[in-house]
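As structure tokens, the structure follows; a few thoughts come after it.
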Amino acid sequence: MSARLNDIKDHLTGGAHPASSTDTTPDDVVIVAANRTAIAKGFKGSLKDVNTDYILLQFLLQLVASFPSEIRDHLDLIGEVACGNVLNTGAGATEHRAACLAAGIPYTTPFVAVNRQCSSGLTAVNDIANKIKVGQIDIGLALGVESMTQNYKNINSLGTISDELKTDKRANKCLIPMGFTNENIAQKWSIDRAKQDKFASESYNKAERASKTGLFKEEILPIPLPSGKMFDTDEGPRPNVTSDSLGQLRPAFIKDKGTTTAGNASQVSDGAAGVLLARRSIAEKLNLPIMGRYVAFQVVGVPPEVMGVGPAFAIPRVLKDAHLNVSEIDIFEINEAFAAQALFCIEKLGINPSKVNPRGGAIALGHPLGCTGARQIATILHELQPNQIGVVSMCIGTGMGAAAVFIKE
Amino acid sequence: MLRFEMRGFSGYAVQYSPFLDSRLAVATGTNYGLIGNGKLWILDISPEGQMVTRRDYLTQDCLFDLAWSELNENQCLVAQGDGSLRLFDTTLDKYPVAVYQEHRDEVASCNWSLIGRNTFVSSGWDGLVKVWSVGRPNSVMTLKPRTRSNTAVLDRPNGTGTTNGKDCVYQAKFSPHDDSLMVCCSGDSTVSLFDLRASQPGQGPTHQFMAHSGSETLSVDFNKYRTNVIATGGVDNKIKIWDLRMLRTGPLSIRGKWPEGPRGAKQVQCTNEIVGGHELAVRKVNWSPHSSNYLLSTSYDMTCCIWQDMGYATDRTRGNNSGYGVTTGRTNASDLRNGLVSRFTAHTEFVFDGDWSLWGAPGFVATTGWDGNVFVWKGTP
């Protein structure tokens, strides 16, 4: 009797098998292409004179040209375009639709602008993936684009909420500038300046090495500038950065005791990135290349005053969905909004630091807000080896964290 | 909807007679089939539309499956918990006309060959599959899906995708198209295909693959129209549809980290899957006898569903008369309703089995489960 009872028990409790997220099925959402522009320095870089619609158009022209002919010659197969953007008015709903049309995507393909702050690019990917999952579309394009140079002026750095809400302590927390949320983390969990500078210098060194050895060549699509010059190299990384050289910089937010500097925070940047997703059954039918598959995505809320802890809570949440644990992940791309918050997340989750941002992060490469999530996917899918599992994550202003799991094929 | 209540007995299997349009057989057990007697019920659907007991046969142990004889309209075979298979004749009272005693543990399934009409197959908790000829007391052939060499591949420690090592063969079925082809599914998640012309005792199956990513595979069925298509249901709550011609080679491992075994289970990609259709394990899958893309599933979530396989379109659904169906490139996930044709929710306990009526208007289904009910309902519009 006990054997029969145990058998029934196994059938009732055996549902969540770890492999369920890791074998391939025709319903999988797969990534056909993931690319980005080089990332330009804000206010003085190559893209300082152009706006997001120009960047997006040029990027799309290159991206479409790189597609296999089954898609390139039949762009109407793209069921939807979602584009992440933070700083443009209305997240760029008008000008980015215009850029898509100018790039040759037919008017029959609808467009949606997505803004979830720094996770907008990743959220756009999730939006497309979900639509594929439920069967609304078969193929979709997720984009992210930002010109912090052109549009930083559009946001009041203190944000705007009505006077009536300002008296509400909880609402007011959403206005804390990002730098201060990072100082809160550094202070609360005693992450000192030296440690932050060391982390930042390593980011610079990794990015510099990756850039020099051409590791970004496959993911970067060169785009022409109005001058005719091609823009194909990240402008953020610089040589010979050490924790000592970063140690010279003055705190940016809290004059005397602060630990956050321009050197250990993400750079202000411009750029674009894009990810083409499809259902596996359709990708195979059209003979499209499959780079990897999208497994899961989650966003969590965290206290706005320490918004940088987001990844420390989003990553376990998404790994739970995928029945994976931290040690099974081969590479983490965790956005380096600031060194202190990134360090907190890495330590809190017990991640082996060598697995985090092996090609540098936003401190060295830059953080074009709405583009970042898509940029990280382009990077991670080119650095993972077949069958390796990667996690993309970032903290989000006003107190959130997002994370997604991808498997390279 | 018709309902028949078997007080004190839980249903494990139900099958329409292949000879008589109003007859059903139900295999049951007392105490939810965990311990105690079993009973085979022979039910007739009366002209007034009521199910009535024609005969019943009390057995010493619970019954887990049954198969009507394809040779004799009065004979019905049951799979019993004590390791025996018993053949009852509905013209006789009480005792079976034959007993086939070889399985060491519970017999989980039995299935009569539609082509070789005096042959049937059984599978059991002892991990064995046995082929029998109705006139012979001993099995003709004993097959073992789990051999020493593939066990090594299946049970690699610490890898995702390893199985629980459960031996139990939950279901074995003959192909309705070729009586030398037999498929079975096991607690170690594998589906094994045996070609009886080539099978030798002690050797593994002709083909074997892991069907439900390490979760137990509880049910398997051949499509009655598409000769190479099978469906499986598993403890991962999924229903998968496979094309046996697409046994894609590749290492079993999903992460490429395991060495390839000598005769290991291959990782195969299904052609379609139904995810989120059931909230708990899928106990049975059964293809329609009337349509090449309709499938019945019963589940521990107390529901039974009829699904349309969206990956395949028949002439009827396509509205032409070319004589052939086509693969569509779609999956059930690409359909907003996931291809669900109907869901039956009247059972109040686990639903263990369901069978399509071969008779009358297509689409009638009989189901049974732990609640002791047999329901007959219309599954397709």
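The count begins at 1 with the first shown residue.
Using the three backbone atoms N, Cα and C, a Cβ is placed for every residue, glycine included.
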From the ranges A:1-24, A:145-168, A:241-264, grab the one TrEMBL calls region 'Disordered'.
A:1-24
Fewest neighbouring Cβ atoms within 10 Å: which of the active-site residues A:C118, A:C395?
A:C118
Please list the DSSP helix, strand and coil residue counts for the domain 'Thiolase C-terminal' (A:289-406).
54 helix, 31 strand, 33 coil
Hey, how far is A:C395 (active site, proton acceptor) from A:C118 (active site, acyl-thioester intermediate), Cα to Cα, in Å?
7
Cα-Cα distance linking A:C118 (active site, acyl-thioester intermediate) and A:H367 (active site, proton acceptor), given in Å to the nearest integer:
8
Local Cβ density at A:H367 (active site, proton acceptor) - other Cβ atoms counted within 10 Å:
27
